[in-house]
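K.L.:
For reference, TrEMBL lists these features for the protein:
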| type | residues | note |
| --- | --- | --- |
| ACT_SITE | Tyr54 | active site, proton donor |
| BINDING | His112 | substrate binding site |
| DOMAIN | 27-263 | domain 'NADP-dependent oxidoreductase' |
| SITE | Lys79 | site 'Lowers pKa of active site Tyr' |
Amino acid sequence: MAPLNIQSTYKMNSGYEIPVLGFGVYQTPPEETEKAVLNALQVGYKHVDSAKYYRNEHECAQAIRASGLKRSDVFYTTKVPTNAMGYQQTKEAIDSSLKTANLEYADLILIHAPYGGREAREGSWRALVEAQKEGKTRSIGVSNYGVHHLDELEEYNKNIGGKIDVGQYELHPWLARPDIVEWFQKRNVVIEAYSPLVQAQKMNDPLLKKLSEKHNKTPAQVLLRWSLQKGFVPLPKSVTDKRIEENAAIFDFELSPEDMQTLSTGEYCPVCWDPTVSKD
Ligand SMILES: NC(=O)c1ccc[n+]([C@@H]2O[C@H](COP(=O)([O-])OP(=O)(O)OC[C@H]3O[C@@H](n4cnc5c(N)ncnc54)[C@H](OP(=O)(O)O)[C@@H]3O)[C@@H](O)[C@H]2O)c1
C-alpha cells in the first residue's frame with residue numbers, strides 16, 4: 001500500500017476524489033456541530049459525513065464556510081433519510097438538504113438505508129442519478145444495503161446507466177462484512193467505514209490493548225489504522241478536541257500483517273442498526 005497521509009484521496013467511479021479520512025457527526029448535537037467540524041477542518045480533515053437524519057447539516061456547512069477553506073477543498077456528504085424513499089420524496093429530500101445547508105452541491109449523497117421495498121429503492125436511486133447529472137451532487141452511493149439489495153440495484157443500473165461511487169457500512173474488527181466488501185471491491189466502489197471506533201465500546205479489549213502498547217498508539221488509533229489498511233475510508237466521530245486530533249494522527253505507523261490477522265475476529269457484532277439484513 002502506498003503511504004497515505006491526511007490529504008490522500010481515492011478516485012471514485014464518478015472521476016472525483018474522496019479524502020481517505022472523514023469526520024462523522026452522528027449524535028453530535030446541532031449546537032456543538034459547528035465548533036467540532038471547524039476544529040476538525042483546522043486539524044486537517046477535509047471530509048465531513050452528515051445526513052438529513054442528524055439534523056446538523058446547516059451547522060456542518062456553516063463550519064465549512066467559517067473555515068476559510070475553498071468549498072472545493074472540503075468533501076461534504078449527506079444522506080437521504082429512510083422516510084424519504086421513492087422518486088419524488090428523494091428529489092425533495094435532496095433539494096431540502098442543499099437548501100438547509102445553503103450549499104450549491106454535495107460531494108456525495110447516499111441512500112441512508114435500503115428500506116421501503118424495491119420500487120421505492122429504485123425510485124430513490126433514479127432521483128440520485130438525476131441529481132448527479134444536474135450537478136446537485138458529484139457522486140452517489142448507498143449505505144446499509146445487503147448483497148441482495150446491491151444485486152437488485154446493479155440490475156436496475158443496467159436500465160438507467162447509474163454507477164455506484166461509494167458504499168457506507170458499519171465496519172470494524174468485530175464486523176468485517178467480507179461478502180459486502182468483496183462485492184464493492186470487485187466493482188471498484190469506495191467503501192466507507194462508519195462506527196469505526198465501535199462507538200467506543202471496545203477500547204478495553206485485550207487484543208486492542210496489546211496492539212496499542214506495541215505501537216505506542218491509542219486503541220482508537222489502532223482501530224482507525226486497521227480500517228485504513230483494509231482500504232476503507234473511516235469516519236470517526238468526536239466532539240472532544242483532543243480526540244479529534246488523536247483520530248487524525250494515524251498516518252505515522254503501520255500494523256503488520258500479523259497485527260491485522262490478530263484483529264480478524266470473524267465476529268458479526270453490529271453496535272449500530274443493521275438494515276443490511278432487511279428482507280423487503
Ligand atoms: N450510514 C449510517 O447508517 C451510519 C450509522 C452510524 C454512523 N454513521 C457515520 O459514521 C460516523 C461514526 O460512527 P459513530 O458516530 O456511530 O461512532 P464512532 O465514530 O465509532 O464512535 C464515536 C464515539 O467514540 C468516542 N470517541 C471518539 N474518539 C475517541 C477516542 N480517540 N478515544 C475514545 N473514544 C473516542 C466518541 O466520544 P466523544 O464524541 O464524546 O469524543 C463517541 O462516543 C457517524 O458520526 C456518522 O457520520 C453512519
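Any Cβ shown, glycine's included, is placed from N, Cα and C.
Annotations in TrEMBL come from automatic prediction, not curation.
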K.L.:
Can you tell me the mean pLDDT for the domain 'NADP-dependent oxidoreductase' (27-263)?
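P.N.:
The average pLDDT of the model in the domain 'NADP-dependent oxidoreductase' (27-263) works out to 98.
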K.L.:
Count the other Cβ atoms sitting within 10 Å of the Cβ of His112 (substrate binding site), across every protein chain shown.
P.N.:
25
K.L.:
Please report the number of other Cβ atoms within 10 Å of the Cβ of the residue listed as 'active site, proton donor'.
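P.N.:
Cβ-Cβ neighbours of the residue listed as 'active site, proton donor' within 10 Å number 21.
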K.L.:
Residues with Cβ closer than 8 Å to the Cβ of Lys79 (site 'Lowers pKa of active site Tyr'), same chain and 6+ apart in sequence?
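P.N.:
Result: Ser50, Ala51, Lys52, Tyr53, Ile109, Leu110, Ile111, His112, Ser143.
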